[in-house]
Every structure is written in structure tokens, then in C-alpha cells.
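In what follows, a structure is listed as C-alpha cells, so that the remarks can point back to it.
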Amino acid sequence: HGLPAQCPNADGTMVHTCCLHGMPTFKLNFDSHFTIKTVVAQNGTELPESILPEATIDRIPPSSHDLESVRGNLVRKNVDRLSLQEVNSLVHALKRMQKDRSSDGFESIACFHALPPLCPNPTAKHRYACCLHGMATFPQWHRLYVVQFEQSLNRHGATVGVPYTDWTYPMKEVPHLLTSEKYTDPFTAVETFNPFNHGHLSLLSPET
């Protein structure tokens with residue numbers, strides 16, 4: 001497998017390791033086409049060629065194929081470490097999400113978290129909040145809820161995951177992304193409302 005070099009035989013004038021680590025000696029690469037004719041064991045015994053079957057190809061890959069677009073997992077970053085581009089993508093994604101009135105929109109997902117009570121269904125006589133606050137299974141439920149919110153943000157154009165605040169570090173104020181009522185796009189200089197500060201929920205009030 002390695003040293004000392006003993007191939008093709010230990011007494012040869014030009015010996016090399018018996019493993020394929022010595023391929024450069026023969027000016028071979030791993031994609032070179034070659035056939036092993038002689039195998040010499042560590043003790044110098046020459047092994048017959050029949051011991052190693054002829055190499056075969058189990059699968060011939062296609063010369064070309066369609067590439068399936070796959071989006072990777074989103075990275076969740078500390079809110080204080082977001083770049084201008086990342087904040088910009090989050091703000092515009094949340095704005096689009098708030099305008100979406102489908103089940104993938106902000107209002108539908110936000111209401112599912114608490115009020116108004118919509119479970120077991122919106123038309124039931126006795127309804128309750130769909131969240132599991134105060135229950136032992138709340139952590140598991142909330143993890144899935146954050147993923148649902150995050151995936152919706154991504155489908156609406158966010159390039160990063162839901163940002164977080166690191167509670168292990170002292171913090172003197174709430175992040176500016178949440179407290180500022182206005183947001184100025186650093187690339188267009190257009191000032192609009194900040195969707196992370198307030199938004200529209202028709203089932204509760206005009207602005208929340």
C-alpha cells in the first residue's frame with residue numbers, strides 16, 4: 001500500500017510503491033485508460049492476471065442532461081450582521097408577502113400563530129387559536145411555524161433566512177430593522193414603510 005517501494009520487484013533498479021499512489025511514475029492519471037497485466041505481491045510472488053477480472057463499466061453516464069434547479073437551505077444570520085443587500089431582500093420579500101392574500105401570504109400565516117381564532121376551522125361555532133402556546137409541544141410546533149414563514153419569505157424573494165437576535169449578548173435596544181417606521185432602499189433611495197415595523201391585517205385592524 002505504501003513504503004518501502006517494492007514494485008515491480010524489490011531488487012529492481014526502478015522500484016515504486018505497489019499501490020496506485022505511484023501512478024505519476026507511469027505518467028498516468030486517475031482518468032487514464034490502462035489495464036493491469038502483472039500483479040506482484042508484497043513478498044515478491046507474481047500473481048496471475050486471472051486473479052483480477054477485466055474492468056467493466058456498470059453505468060455509462062449520458063453525455064448531456066437537463067439540470068434541475070435546486071435551491072439550497074437559507075442561512076439564518078444575526079440581525080446585526082445582515083448586509084445592505086440582505087436587509088433589502090428581506091424588506092421587499094416581506095412587502096410582497098403582505099400583499100399576498102393566498103395561504104402563502106403574510107396574513108394567513110400570521111393569523112395561524114394566534115388571533116383571530118381559526119381552529120378547528122374558521123366557520124366553527126367554538127374556535128380557538130391554532131398555535132400551541134403554553135403546551136409541551138410548543139417548541140416543536142414553533143420550529144415548523146418559523147420554517148413555514150421562512151419558506152414563504154424565500155418564495156417571495158428573500159435571499160437569507162429569518163434573522164435572529166442573539167440573547168447571549170447584551171443588547172441595549174431593539175434592532176433598527178424592527179423599530180424604524182420607514183425604510184429607505186439603499187439602491188434606489190426610495191423611502192417606503194418598513195414592513196418589519198407594521199403591516200396590514202384585515203381581520204384585526206387596518207394597521208398592526
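The backbone N, Cα and C atoms fix where each Cβ goes, and this holds for glycine too.
These figures come from a predicted structure and were not determined experimentally.
Quick look at what Swiss-Prot annotates:
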| type | residues | note |
| --- | --- | --- |
| REGION | 1-74 | region 'Unit E' |
| BINDING | H1, H113, H133, H142 | Cu cation binding site |
| DISULFID | C7-C18 | disulfide bond |
| CARBOHYD | N43 | N-linked glycosylation site |
| REGION | 75-208 | region 'Unit F' |
| DISULFID | C119-C130 | disulfide bond |
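A gap of 65 Å separates the Cα atoms of the residue listed as 'N-linked glycosylation site' and H142 (Cu cation binding site).
Comparing Cβ neighbour counts within 10 Å across the binding-site residues H113, H133, H142, the minimum falls on H133. Summarised as a single figure, the pLDDT of the region 'Unit E' (1-74) averages 65. Around the Cβ of C119 (disulfide bond), a 10 Å sphere holds 12 further Cβ atoms from the protein chains shown. Checking each of the binding-site residues H113, H133, H142 against C119 (disulfide bond) by C-alpha distance, the shortest gap belongs to H113. DSSP classifies H113 (Cu cation binding site) as helix under the three-state reduction.
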